[in-house]
């Protein structure tokens, strides 16, 4: 279960976002918008579902029994730390930009906010593979920003080449 805006359930690919007093959980089959009213955060909403044993959605009737806290790893980034610059191109999922992260040039792939959960999982699947590689002929994954839309995949910037040219 998602506990903060931008969290994702890695097994299902669900994404939670929070805007004002609305908590939205997107999944393959639906997008459910729940008024969280007196809850200050998605974490409080999860705690409410646990303590009252109310279903997360009417359609699934799923109950929260053991929520999993998000474990940050070195690849978790925040949008506010990434400064987009020049648009380098456009792909199936979104745009590719030259950007700056920690005063270094990087390439950023974006995923349109309008894509469904299955497409978002496909977009993010590249990161699961790249996290495990450290080779001079493979573009290095810097990290992923999922705290809001659009989702960013941040990679090393390869001067004079499109990112996919180095590793495909």
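Glycine too: its Cβ is placed from the backbone N, Cα and C atoms.
Those TrEMBL annotations? Automatic predictions, nothing curated.
Of the given residue ranges 1-21, 22-42, TrEMBL assigns the label region 'Disordered' to 1-21. If you average pLDDT over the domain 'Protein kinase' (82-168) in this model, you get 88.
The helix, strand and coil residue counts that DSSP assigns across the domain 'Protein kinase' (82-168) are 19 helix, 35 strand, 33 coil.
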